[in-house]
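Below is one structure, written out as structure tokens; comments come after it.
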Amino acid sequence: MSTAGFNSQNGTGQGQAYANGPSQNPVALQQLPGVSYGMTHQPNYSPMQAKAPAPPGPGLYPSGPYQPVPPVSSYQPVPPVSSYQPVPPVSSYQPGPPLTSYPASPGQPLLTRPPMGGLPSHTPPQSASPSPGPRLPPAQATPPPPSVSSSSYYQNPQQPQPMAPSWQYNTAPPPMGPPASMSTPPRGPVANHVNPAVSSTAPPPPSSAVYTSAPPAHVSHSATQPPGPRMPPTSAHGYTQPGTVPPPMNPMAPHTYQPSRAPYGPPPTGPPPTMKATPPPTGPPMGNATPPPPKAVAQCGGVVNSTLSPTEPDCQEGDIECPGTVAGNGPQAPNSYNHVDNKMAGLPQPGPPGRHLGHYPSLPPGYQNTSTPHNTTSPMHPAMQAATQPYTQAPQPYQQPPGGPGPAQLSPSLAAMSLQSSTPEALRVVNLLQERNLLPPRPIPAPTPCLPQDLQKINCNPEVFRSTLTSIPQTQSLLNKAKMPLGLLLHPFKDLSQLPVVTSSTIVRCRSCRTYINPFVSFLDQRRWKCNLCYRVNDVPEEFMYNPVSRSYGEPHKRPEVQNATIEFIAPSEYMLRPPQPAVYLFVLDVSHNAVETGYLNVFCQSLLDNINALPGDSRTKVGFITFDSTIHFYNLQEGLSQPQMLIVSDIEDIFLPTPDSLLVNLNECKELVQDLLKSLPTLFEKTMETQSALGSALQAAFKLLSPTGGRMSVFQTQLPNLGVGALQSREDPNQRASAKDIQHLSPATDFYKKLALDCSGQQVAVDLFLLSSQYCDLASLGCISRYSAGSVYYYPSYHHQHNPAQVECFQKDLKRYITRKIGFEAVMRIRCTKGLSIHTFHGNFFVRSTDLLSLPNVNPDAGFAVQMSIEENLDDMQVVSFQAALLYTSSKGERRIRVHTLCLPVVNSLSDIFAGADVQAISGLLACMAVDRSVTASLSDARDAMTNAAIDSLTSYRQSVLTIQQPGLLAPACLRLFPLFILALLKQKSFRTGTSTRLDDRVFAMCQLKYQPLAYAMLMIHPSLYRIDDLTDEGALNISERTIPQPILLQLSVEKLSREAAFLMDAGTVMYLWIGRNCNPNFLSQVLGVPSYASVPDNLFMLPELDTAESQRTRAFIGWLRDQRPFFPSLRVIRDESQWKASFMQNMIEDRTESALSYYEFLLHLQQQISK
């Protein structure tokens, strides 16, 4: 996104726009063939674009025939896809068919790319399982490798491109297909993949050039360099070198304020010039630098999008502070500052001095910024540390010039600082076929951006904000050449041990792009600062001159907002459109015969009773309960009643609220009635024989009840809904679970749940779904209610209070965390980035209200998000770029708060620097999100092929464009040495595997987790951690809270690492397996498991006994420490050779070969074969 605006310049038309009900977006933007709305668009690297399908042939392995394909080194320019140029009002667009939220009717195949010439082919690639037969000798026993024929990042330049679903990396994705009626069952994406505006592109010109890029046709709306001599970067002081043209400001007339400039030449040496403080504006809000998007695109639902009065200066429609019906309150002590939130105990900790970022040219040397220590948390599980650990590797040496550069215009020495001068570890050449033990004994940390030390110290923690590339390419063509995805992974509401909180009547923001002031802005002098996203010069408000930490005046660069990359503001009243929403919790409970049989109701009621006082909220907190089977039951809990009163509504076709004012009650005033109800609920329905489930009607009733206030709806469901609206039928064929063919029914069967979710989102209601079932429940359909309302999905297959105690323990622990964790209501989130960059696709649970505003009726600390980006304008004159995520929410105490995270990354102009900064875990996490979308919108085999091609393409680019000496073997830079392993792990993960029996709901839930989980947790689900734990020692152990936590080394996921004489723990994220070898040390069995022999180990053991032995304490401490690092509770399965869980354990041995999937070594051979073509 170009920072200057939040509208449709990024070519997304994001929203599957939805106007409070089934009406559809009347504004559809259609691009005519040959007409470009584009920025200076380079041919875009689209990593999931299809290669030419190969003709059918023998030797089929998982997803398609293995046939030779044209060399991956020849590419063809891809025309710009859905990029925009600022245009006059909507009437100037060519009329086109209306864009609907649902891509295609059941009979229409989904198209994920515009036709590239010729008629589209809708025939999916053929595939089949390996045919049974006698085993071949080892040389021939390898199953044919996965086909690279059906999905890749680029087209075959030799022939017109047939229609095949494409996975766009760095461009806005094309339309999903022809319009479909809202009444037809959708084939739309399960995941919240943001669909773009309709467009079409002209067929590409024939060319055999290797990624040739046309010169820019025209420029975008953002400020660009005028014709004439190239503009040199200015210094940190805002002075331009003599004899050069001053940098242009954003074309912001009539609003842009162009301050007077100091004369060219060296900085003055006297005292700072006296400047009168600029009073705050009293007129209408500043306009964005770009025209606003068409209004219909920004609408999401009824009252929520009421346009703001122009008298409120900081609330523009669609701006981060203006989510529609938003609230916030709380005492506004002027300019107070709490270094640590009162919920995150800790005292103010002034940081060490030493940063020269905000140095003023005419002030004494002491006038410098200081930095606060990095956010620190308790020691973490090694796999978590790998994915979340703050940047620890030493940055490249950088000699700071006197006076200190501001990050927006760093010295040219940074741009010239090439990583190739002395080859860093990240670029060390690794031959993957020769180096077998690539997995490090300790998880790898996030790569360190190549920034000056003072910037790096204050950069945003990678636990919160992480980029797939820590060095941003200067141009789109350079990014295309690297063939790696550019995107961001966020964990914006993460629980932090240290969070600076600021209360101020003035929140300082850029007048042009609305960026919040942050550590990476430049102070030109004491009264002016330059935005690090759009480069506008802004005045420093008078109030900002006072530093509440040091209680001194005249040092704005030392304020906490400029010292912390993560900060939280308590927002003043202009950030509200209505009184603050109270915390409202509504529980919707399945009480059919099936539900009572599972026994979940006892666990739920007891858990809520135990934790009711820990429910986040204040004196206004409200709660309510609805139960349902074939009828809907409401509970009158009005103060004054002697006991709860049940009201039954049997007319489920026309649902109504019997007593609207007494169904949601104040928790403090009616706590005794609520507790009485929770004690009686389990027995109330224990004799029921009602087997039907009217879930849809119950959800409609709950929506009516919560609409006036907003809040959280918690839904507990144990079977397939089979009565009334939203009724579903079983779509799973158990005989097809292990089919090597494409998996059917990954998309919803009805649009009822999505439409209801969008209605909920419009009224600030989020829906969390707890699915406890032993039967198929169609999670692909039911999950939409949470996905589009920013809720969460919890899934407990085969839940039963007696037969599956491990699941009961999981449910109890998850429920306690769910009830007591922090929550934000009526939230919105916007991600801004330096001009020239564009965000085009979002992943996670939310609804996109306008082109880049995510609607989050609830936000919780366990939710992760991902975005894909492209480079719309060359970043030639920039040494660094910045990204800022701003999350506005109402706390459970009724305060309106804004949490802001800012990340700064260097810009590079060489491929070797791009590869050196590749973050292999972030890349894998983003590819997993993209593959989930691809599986739903196209097919599972397309997604699998596209992931394989991701590895082929990046390693091909490295070999051809970075390596100076060609050597035999499969070569990778050290930073990407685990990339093929992670891709193979994804191919074998429950979401994408074939040839292994996988229940449809299990597969869909695994996909939901990949899209929703923060990276640290998702990586464990992709590549589990394996440890030997029968010989734990205190050597290298951590000491936490007087507990000693052993730190065993990580082992490769291969059976050859197992030993019959040992015991091993596999941490797979949501489940842990403790594998006991047949000849395991008897000492371990007796001291840890409390059994005398291997034969005595129980089959259903799911918890370790608490024994008073050193071995038992070490083992339990290690497992407990692993569990403490994640918000959900992983169950433990103790398995022997005969255990029913052994197959699940062995399926996670990613490096080994199975009947339907390659071993790691065979996969490497396949990659080498494709790369060498």
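Cβ coordinates come from backbone N, Cα and C, glycine included.
Values in this document were obtained by computation on a predicted structure and should not be read as measured data.
Feature annotation from TrEMBL assigns compositional bias 'Polar residues' to 1-28. For 53-71, 131-147, 264-295, the entry in TrEMBL reads compositional bias 'Pro residues'. Annotated compositional bias 'Low complexity' per TrEMBL: 72-94, 148-158, 208-217, in sequence order. Residues or ranges marked as domain 'Zinc finger Sec23/Sec24-type' by TrEMBL: 507-543. Per TrEMBL, domain 'Sec23/Sec24 trunk' is recorded for 580-819. Marked as domain 'Sec23/Sec24 beta-sandwich' by TrEMBL: 824-908. The domain 'Sec23/Sec24 helical' annotation in TrEMBL covers 919-1019. Per TrEMBL, the feature domain 'Gelsolin-like' maps to 1046-1119.
The domain 'Sec23/Sec24 helical' (919-1019) scores a mean pLDDT of 94 in the predicted structure. Each residue of the domain 'Gelsolin-like' (1046-1119) gets a DSSP state, and the totals for helix, strand and coil are 24 helix, 12 strand, 38 coil. Per DSSP, the domain 'Sec23/Sec24 helical' (919-1019) is made up of 72 helix, 3 strand, 26 coil. Broken down by DSSP into helix, strand and coil, the domain 'Zinc finger Sec23/Sec24-type' (507-543) contains 2 helix, 12 strand, 23 coil. Residue counts for the domain 'Sec23/Sec24 beta-sandwich' (824-908) under DSSP (helix as H, G, I; strand as E, B; rest coil) come to 0 helix, 59 strand, 26 coil.
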